[in-house]
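J.: I have a structure here, written as structure tokens, and I will follow up with some questions on it.
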Amino acid sequence: MSLSVAIRHSFAGFALDVGFAAPAGVTVLFGHSGSGKSTVVKAVAGLLRPDAGRISVNGRVLLDTASRVSVPVHRRGLGYVFQDGRLFPHMTVQGNLTYARRATGDRFDSVVDILGLGRLLDRRPGALSGGEAQRVAIGRALLSDPAMLLMDEPLAALDAPRKAEILPFLDRLCSESGVPILYVTHAVAEVARLANHIVLLENGRVLRSGPAAQLLADPALVPHMGVRDAGALLNARVVAHHPDGLTELAGPGGPLFLPGVSRAPGDRIRVRILAQDVILTRTRPKGLSALNILEGTIRTMHHGDGPGVVVQLAVDDEHLLARITRRSAETLELATGQTCFAVLKSVAVSQVDIAEPAPNP
Amino acid sequence: MAFLGPDEWQAVALSLKVACLAVAASLPFGLGVALLLARGRFPGRHLLNGIVHLPLILPPVVTGYVLLLGLGRRGPIGGFLESAFGIVLAFRWTGAALAAAIMAFPLMVRAMRLAIESVDPGLEEAAATLGASRLRVFFTVTLPLILPGVIAGAILAFAKAMGEFGATITFVSNIPGETRTVPSAIYAFLQVPGGEASALRLVVVSVVVAMAALVVSEVMARRVTARVAGR
């Protein structure tokens, strides 16, 4: 385990009692605002001292209130990317990047390259766009050679185009830097794209902690993800780019056709399929405009309070979620164990939902 | 200096000397107190704030008299300083510097405190997460950002020290060449027939110094804003 956290802290009107262990890779702390995510990251960084608890990173104890250990912030060796960037306004980008004493040599060149900062080095933070500033902040944290990178909603202050601009850099960062990351967000799209492991927080408690694919495919957690944002991950391999603009993927249960995926044939990717974009049929449909039809078996059905039902479908050894109405489920007489077909419109999947496959740490 | 007569020049030179010592000696304390007031969270913060601002509200004569009681040669602190270190402040130019420093202290602290409060503590946190110790954070992040504010505070204090009268004349009297600063000299010139011309020339000097200080400190205060915004 690269990170282990067990802390208790109380504010006026709010009590936090959180315990989890995270493997290497990208761990996402997910929850609504006020669930305590930021408090946890601040405690890990040492910016907040919890009432009681123990925190260790890669086996090194950073906090242990029982034995009165509390390593000061500047000796923890963790990188922190703040939501608001917090670049030093009186220094150039170069000055910001090299602020940490360990920021030297070839690491500098490779980080500048990964994050595309070459053209910005002489600028001042006041002359950067929001997205550029955040990339510099990420680079600055990386260059301090951290044992772990803490990212507290790094994209929350950016608009959608700026987010889309940064996400590919984050992808590369996660897969190439090898630094474990603790990533805080309340955006499911970021969870689905970046997470290997998810810690779901609610009202200061850990609701669930587990592998990303498993939690995202759990119908019972759909209300926590948000019914419009919930969706399972499918692993697939790029087969070919067709001249009509579609990319053919080899996925579970057969070929998938998606609009132009910017990856080379042979690349493995993971695709997030939103539960609300999936249509279920009992028999293999014919004469349909939708290109993707996956055969699967119903594993579980989750009834919420509203008119909807979330169906978890096993397709080969992977899972798909479909959100349909209770009325449809009754008309089709859907039940656990039945075989049915998931229909997915190609255009429903956007580039934002495509990411690197989860590494197996 | 052709514009000023020898007596007048002596007063201006002494005022410059007194103001320089007053600012130089009080600057570290001023910065420390400004930091405490801006960032500190301790019981007695409001009391400290009140004490710092007291010389601004009290009649200057009172401040001067309190100094004389405490730091005069027969006062508890003054007596100790003289017997232990041979330091005498009462009726000396160094005493004038002390009186000026105390009277200028609130202005200095205020300018520095405003500059410190305009710096986002989040920047200091960020520096700490990058491995910087408190000392390094102060010298590489906080101080560069507040530097114009520190200079502005020092300039204001300098101008105030140049013109301090009430506390000075009470504590160190009005001795030509030793404690007769510009305001004391103006006062003295006005007491003798035919002294108006000399007094007026010193008034011009005082106005010029005060105006220059205000302009420069205002420019510096704007620089703080620009620096903190990263332009």
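Using the three backbone atoms N, Cα and C, a Cβ is placed for every residue, glycine included.
All annotation found in TrEMBL is predicted automatically rather than curated by experts.
Since this is a predicted model, take the numbers as computed values, not measurements.
Relevant sequence annotations retrieved from TrEMBL are reproduced here:
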| type | residues | note |
| --- | --- | --- |
| DOMAIN | B:12-215 | domain 'ABC transmembrane type-1' |
| TRANSMEM | B:12-38 | transmembrane segment |
| TRANSMEM | B:50-72 | transmembrane segment |
| TRANSMEM | B:84-109 | transmembrane segment |
| TRANSMEM | B:137-159 | transmembrane segment |
| TRANSMEM | B:199-221 | transmembrane segment |
J.: What residues elsewhere in the chain lie close to the transmembrane segment (B:199-221), defined as a C-beta under 8 angstroms and at least 6 residues from its ends?
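T.: Answer is 3-5, 8, 11-12, 111, 114-115, 148-149, 151-153, 155-156, 158-159, 162-163, 182-183, 185-186, 189-190.
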J.: Same chain, outside the transmembrane segment (B:12-38) by at least 6, Cβ under 8 Å from its Cβ: which residues?
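T.: Sequence-distant neighbours of the transmembrane segment (B:12-38): 4, 45, 48-49, 52, 93-94, 96-98, 100-101, 104-105, 108-109, 112-113, 115-117, 150, 153-154, 157-159, 161-162, 177-182, 202, 205.
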J.: Checking distant contacts: for the transmembrane segment (B:137-159), what same-chain residues at least six beyond its ends satisfy Cβ-Cβ under 8 A?
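T.: For the transmembrane segment (B:137-159), the nonlocal Cβ contacts are 19-20, 22-23, 26-27, 30-31, 34, 101, 104-105, 107-112, 114-116, 118-119, 123-124, 127-128, 209-210, 212-214, 216-218, 220-221, 223-224, 227-228.
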